[in-house]
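Structure first, commentary second.
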């Protein structure tokens, strides 16, 4: 990857267009048209501008600034990720080194404006910059800054994310120990923020707990609430997406955070299943279901606040988009409130400015849930005070598909009685302002001209009491026309003297739109009218979510899909029907609806879960006995404390075989996975890799190494026999710069304190602790890295991307890593090497990934030039994510069958 901006543009273009084409083939919408360049796109749309200008949505005195902002390109923005301490350290490199360099640059006679922190984001961990991409890409003085962005993005320390997309997780107020649900999570930028908040303070708490245990003074009350599992967070994030492949993209995005407190699921958000919890051992109790402390409902929307990065919206905008999404958005919000604990928070958000998708959805959901006595909008005006926003709307008008304006539902009903439903689309009573005062002014609207952002809408709701949601009142929704309705309306027009034959053709085109099964054919009215009214064709492969992936949030067209009534939506879930009432926490659920555990529902899920062409095989989550011989060997070799839990280890094969990788989960994730096995819940991923089997050079050598993913969780509990402390920069630089530096009885002093300790160690994995110090050659942040002690060398078990990023950040070194050839020699403390042992040699790139599809994809697209045609990009995308998807995904460890796993570091020398 050579360019943090242009490469993301290429990836997103290919993904989007490939997805749009595949949807067109399956009847989900029209074939995609080529994306127009930002400067070539006419930025006018009469209906769009009229709707916001003429009906009180934007104050007249602000309209010029509002539209001027929408017609400008969106500033680039990024966020420092990971634990707070690590994120602050990476940010310090930007502030201390790169910002001073940029402020001295002039371009075309003007001083270049450096990146600036987003004023309302905590700890200044989010930044934006207005310098054009082409200047950064092509102007040589930006080279150092460019390399920094690329390398830190590759390893996940920086993520591209639109500024307004960062808002909802902050208002959710997540703290360690909470249970959190992200209902429409892909691509994962907001889920990443939620996970960071869930783990806040964990690293320090684990070290504190381990120190107290060692001194026999441990008291959990000394730790913050939510971190009392020996310093580990007791919370959980369930991240869901309705599309299977986007759910796996979510896994890929979340992997960098290495959290055992994550479960990824694949369900329709409007009908998300209840998650069963175990009853206390030996007690017979009614079913208990998980209720969440926090729920994020960042729902599918029309995206009319994203025109600054998606210029096609200027030509595509239609009132029908919001009309078609309203019911789906309301159902997702109602289901979110049902699964929420009393006293918990739901944050509802969209990247639309249309009240049909915003205030009307909020009011309708509150009414269905019992009114303001059960659900209340929280006043957040004092939270994030530097975020400029305006209050939610109390009044608005509704525009139908033909652009006509309606002031009330009563007007619609009067028209319907006399004129029929032609052109009304799916108008519903819930789209109009509510009669009850639910404090809609507490909703928050973010407009582009306020702080040079995109348009956005956020509302925070609190559940006051348990709820039983009312069924949707379908009598107050304009129905999709049946054959009888069409004929009756045509007969009435004929009686009034109209030409029946012509009116019939127009009515059929206007009232009964082509459906998935009939689009492009000469469909009969009957064929068209018997399709489900709200089906959304979102089962197609996609690399984008309702927002764009954090690293893909650039000026590309949003992935769109056709609703059954012809409207378009920016991604989202498959709406099905009204969600079921929630079970009251701790009480038996006696509601008469098909629950996940019921045979009918199970049968439906079994059919849906059958392997489809191109999709990988999903191995089960099998928990293992923590006292079995192999686990005992691992704990003995690393001298892991007995206070580290052994009952949370699992493997991804049905037999429970410890063939290659051992995963670790949190206690709550373990309980959920066990209790809901076979109940039809589609779990995609959980747990982090803790131990991975390595090729051994001695028969008595421990083959298991600690994987980087789980290192932060276990390192504080590893005994001193397998730990090495490093304090000098030059020693780390040598280890980063050189693969497999030689180590023998006469050649270890060049490795400093590391060589001194490692020369006497048994072969195998150990932990390198880089500790901060005040010495001139010291570090300012703590780091922990797995180190492999081989027969003739040592090696940091780091991917090449991490090596490059650390060399650049710590030493401003962008030169290639050195591949050392090490010949067979005597082993320190072991006498002469066995003649049967192979000589140490690095063949090719010793840290090259083995068939991970996402990495293969990155390697291929990184060399595509900026001017490459979109058709060629689509071919590349289809090659990777289409015909070869099954083969590539089958090689990922996540899906490995027993005995058939590969590992990118399984090269012992």
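Each residue, glycine too, has its Cβ placed from N, Cα and C.
Just so you know, TrEMBL annotations never went through curation; they're auto-generated.
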Ranges in play 402-438, 439-475, 476-512, 513-549, with TrEMBL marking region 'Disordered' at 513-549
Listed alongside 184, 185, 186, 187, 188, 189, 190, 241, 298 for S-adenosyl-L-methionine in TrEMBL, from 123, 268, 379, is 268
DSSP says residue 190 (S-adenosyl-L-methionine binding site), in three-state terms, is helix
Expressed in Å to no decimal places, the gap between the Cα atoms of residue 351 (active site, nucleophile) and residue 188 (S-adenosyl-L-methionine binding site) is 16
The sparsest Cβ environment within 10 Å, among the recorded positions 184, 186, 351, is found at 184
If you count the other CB atoms within 10 A of the CB of residue 268 (S-adenosyl-L-methionine binding site), including all protein chains displayed, you should get 23
The largest Cα to Cα distance in Å among the residues 184, 185, 186, 187, 188, 189, 190, 241, 268, 298, listed in the record as binding S-adenosyl-L-methionine, is 20
If you count the other CB atoms within 10 A of the CB of residue 188 (S-adenosyl-L-methionine binding site), including all protein chains displayed, you should get 30
